[in-house]
């Protein structure tokens with residue numbers, strides 16, 4: 001490896017480590033707002049004891065509906081088991097059937113199981129703030145349990161009579177094979193009663209954490225919205241601070257997410273804006289979020305009939321993108337102009353294609369590494385041969401540097417000529433590595449946040465989306481972490497071996513330093529990376545070592561450059577110095 005190659009690789013390694021430490025953007029707190037306290041309670045009883053009716057001055061015309069008896073209805077399809085409540089016409093539980101939590105237990109997407117996650121919120125002209133979770137609806141559907149499969153559909157309708165000619169209807173629509181739930185809102189005779197001529201549809205409580213590493217998952221948890229072609233994010237990461245974001249405009253969706261799952265509200269018609277807020281409780285990694293759509297209501301409307309969809313499920317790129325509202329934008333693949341295209345148009349499509357005939361994602365990663373090596377083979381082959389030629393030129397170049405040591409301009413001119421005649425590029429050694437950086441960073445984002453690798457094992461790695469830790473220290477070592485991962489160690493060995501057999505233009509001392517420093521830096525960087533990323537880089541290095549062995553074995557003296565250095569033979573130089581220049 002020449003000096004430029006080593007310098008380039010060292011800079012890349014430093015960038016990777018610094019990027020790892022500072023990749024999370026700073027979260028700016030806003031003014032304090034109401035704390036949203038969350039609980040995880042799954043209601044299992046069909047009927048809940050009645051409660052007393054609150055005072056009329058809290059609910060106005062809704063006072064008669066603020067007390068009653070709660071009735072639960074369970075709906076099960078191929079993908080989840082949902083529990084609906086007549087108190088609030090809300091969703092109290094949604095347990096995913098094909099995805100478990102970090103302890104391999106059933107995972108409930110609803111964090112606010114006591115009050116429910118979904119509701120309407122509005123202010124009456126009397127100044128009463130109404131959250132429909134405080135109201136008792138009648139269930140037009142008399143079932144207590146319904147199971148549907150495949151393309152079967154099922155609707156649950158809740159009705160609330162408020163006053164003569166005034167009513168609220170909320171209808172849930174389920175399909176047997178879909179994470180999407182239809183959510184219809186019908187307001188009769190309310191247009192003139194709503195202050196500000198609007199109401200909100202909200203998801204309250206965020207999404208529960210699903211993984212064992214809660215601090216890591218907290219980095220992915222947020223509330224988000226997509227409106228006007230722009231992504232809005234709210235990340236409540238700091239304790240004792242409230243965060244709030246409110247914007248007007250037509251939104252395609254609002255959502256809350258954790259690392260691998262999302263709950264999204266998607267309007268079928270126009271929305272008037274969005275409202276997001278969040279807070280992290282003291283001493284708790286969990287971040288509670290609220291995401292709401294603002295819906296305008298014409299003051300002259302007798303009946304308001306608004307339709308929405310809920311997407312309640314995994315952050316699976318293909319499924320999320322199939323919603324056709326840009327919901328895939330909530331998935332973090334890094335820089336939109338650099339790493340995201342690699343993730344969306346190369347990594348995920350290739351993985352999805354290979355998963356059609358290879359079920360093990362460890363094998364898919366190995367095949368992918370081989371394919372990338374195959375694609376970059378011409379470039380890396382040319383680069384390696386160029387480095388080998390550079391190594392062969394070193395004795396002559398040192399002689400040239402000695403001759404023109406007092407004339408830097410002439411030296412650079414001669415070096416350029418010689419490089420051109422020899423067909424070498426002095427910076428070509430690090431070019432393949434530099435070109436792979438966007439792909440490597442994109443793979444980091446994909447492996448860290450996409451559900452495709454989650455809980456898929458390979459060899460000793462139990463989960464390819466997290467480090468392949470075999471031993472935990474119980475404390476953190478700065479820059480290294482709190483555990484020992486195997487793939488990074490093996491990868492560092494292959495980096496060392498690759499440098500060992502690669503031609504170099506460095507001095508022995510320089511070579512000794514880089515032979516150990518660069519593998520060590522890569523070990524530090526990859527120890528906390530997903531196991532899938534370490535496996536990819538390990539296999540890519542193994543293929544690179546095999547390629548280097550092949551080049552070293554097949555390259556002969558005839559392949560080495562023959563250039564005219566423009567230097568006189570040593571004897572002629574001595575005669576010229578003794579006799580002086582000819583006149």
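Just so you know, glycine gets a Cβ as well, placed from its N, Cα and C.
The transmembrane segment feature in Swiss-Prot is assigned to 5-25 (among others); the stated evidence is sequence analysis.
Taken from Swiss-Prot, the feature transmembrane segment covers 341-361 (among others), and the record attributes it to sequence analysis.
The transmembrane segment annotation in Swiss-Prot covers 362-382 (among others). With a threshold of 8 Å between CB atoms, the same-chain residues lying at least 6 positions outside the transmembrane segment (362-382) that come near it are 347, 350-351, 354-355, 428, 431-432, 435-436, 439, 456-459, 461, 464, 532, 535-537, 539-540, 543-544, 547, 551.
Sequence annotations record features per position, and here Swiss-Prot assigns transmembrane segment to 427-447 (among others).
Away from its own ends, the transmembrane segment (473-493) comes close to residues 17, 460-461, 467, 519-520, 522-524, 526-529, 531, 534-535, 537-538, 541 of its chain (Cβ-Cβ under 8 Å, at least six residues beyond either end). The transmembrane segment annotation in Swiss-Prot covers 473-493 (among others).
Within the chain carrying the transmembrane segment (520-540), a Cβ under 8 angstroms from the stretch's Cβ atoms is held by residues 10, 13-14, 16-17, 20, 361-362, 365-366, 368-370, 372-373, 440, 443-444, 447-448, 453, 458, 461, 463-468, 479-481, 483-485, 487-492, 494-495, all 6 or more beyond its ends. The transmembrane segment annotation in Swiss-Prot covers 520-540 (among others) and rests on sequence analysis.
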